[in-house]
Amino acid sequence: MSTCHTETSPNSPSLLQNGNLVFQAHHVGWIIAGFFTVTAVITSFWLVNKHLQWYTNKREQRYIVRLLFMVPIYAVISLASYLFWNHSTPLLLIRDAYESTVLTAFFYLLLTYLSPNLEDQKAIFMKVGLSRAADAEALAKGEEPKRWMFPLGFIKSKPADGLYFLQMMKWGVLQYCVIRPMTTLAAVIMNYMGFYCDGSFSPRHGYVYITIIVSISVSIAMYCLIQVYVPISVYLGPHQPLLKLFAIKAVVFLTFWQTTALGVLSMFGVVKDTTYMTAEDINIGIAALLETFEMMVFAFLHLSAFSYKPYRPFHDPKSKAAPPTPTPRLRSLGNALDFRETFREIGVGLIYIWDKLHGREPSPDMGARRNAHYESAFGRPRQSNLPLNKRLGENEQSDTEKGLLPTPGIQSETREDTPWLQLDRYGRREKSEGLEVQIEKELERRGYGSRMCTSVYL
């Protein structure tokens, strides 16, 4: 790998010359990009502050706050790269590394919207996940099996079941969370050593290899994100998933591919040097103008897509009750920026894939499979896996009230003789002589016949 020729543009003349303002083209660009940046930052920080003030659902809002930081980070660094274009490469690399945090946060936000309970998420994907088990069930019902999303619809191979599908999609997103920071670090080091050569597609320079790796990685992550969204979109209706998806996907897509497109234009000589700016510097300026404008637009879009109002406790102004107390902002911010759960997910994903490759059943799946078998056999989930409000809901009848389970006759008798099964502390015992008769009736009602009648024929 060879070093590249770094072409540095001369310093531009001062804005103020002999008491007069002398505007160059890039000065106008600075003013416009600065306006876009200030507007985007103020709008985003206002919304972040509102979420931190009413941080009542940390499972969801931690991911929302991380997503909202995307706009000010992108806008400020894009403007800085325009102001200091001779040192823009490391700035833009650091900015782009935050893309991995954005995609990961949005992926887990969708799963949290689906259910904050991990076992519930697994149960849903056991039903709707793209898998061979789901295909067999669809064929048994005379339905068409689902295919992989475009452009991979021709691929026939699928995971064994919905749990493996979910874990594959998780790892497809998390790999970008690992690869992107690593490639950024490698690119910064190569840039310092003179091997990176931003915008050069020569195989002797590092830029082309970093671009290929990142392009493949981000494409896999985006594909897995959309592939997960498609089967669960019906469950996410109240959360405006399409608006949120556009607000995230468009930023990542536009930022990466418009930078690549400008690099191609520069390589073919479409963008030419000027007196005070090289073609590469002009590309940086054009990209900065586009990105700061886009960040301003997305900042206003986020006001609707990631509103804080659903998390603010309701308070009637006419009520005499005290208004709800805001949550401590610094503590809320600390929780939102605690990435330990992401590192845990990466570790769990590595262990999961390792177990699968060695033919072992991953331990996180065992409980979900037992619950799925229970629901398949009895037509309802295990009582212990239901939320408490569903287990004890006022409008729901118990299984006993619906006649699904027998109701043994329980009689209480006070006795003072020798205790039976050490129940002397309670002064009573239970007798269930009528239980067998009720079991026989339940079996007859379900069409299994009576064990008493069966014994006669035997």
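Cβ atoms are placed via backbone N, Cα and C, with glycine included.
Per TrEMBL, the features are as follows:
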COMPBIAS  391-402  compositional bias 'Basic and acidic residues'
REGION    374-419  region 'Disordered'
TRANSMEM  28-48  transmembrane segment
TRANSMEM  63-85  transmembrane segment
TRANSMEM  97-116  transmembrane segment
TRANSMEM  173-195  transmembrane segment
TRANSMEM  207-230  transmembrane segment
TRANSMEM  242-270  transmembrane segment
TRANSMEM  282-303  transmembrane segment
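Sequence-remote contacts of a segment are chain residues at least 6 beyond its ends whose Cβ falls under 8 Å from one of its Cβ atoms, and for the transmembrane segment (242-270) they are 67, 70, 74, 92, 96, 99, 102-103, 106, 109, 198-201, 211, 214-215, 218, 222, 225-226, 229, 279-280, 283, 286-287, 290-291, 294-295, 298, 301-302, 304-306. Through the fold, the transmembrane segment (173-195) approaches residues 1-4, 6, 89-90, 93-94, 96-97, 99-101, 103-104, 107, 205-207, 210, 213-214, 217-218, 220-221, 224-225, 342, 345-346, 349 of its own chain, all at least 6 residues removed from its boundaries and within a Cβ separation under 8 Å. Contact counts against the transmembrane segment (97-116), taken as Cβ pairs under 8 Å, peak for 63-85 among the stretches 63-85, 207-230, 282-303.
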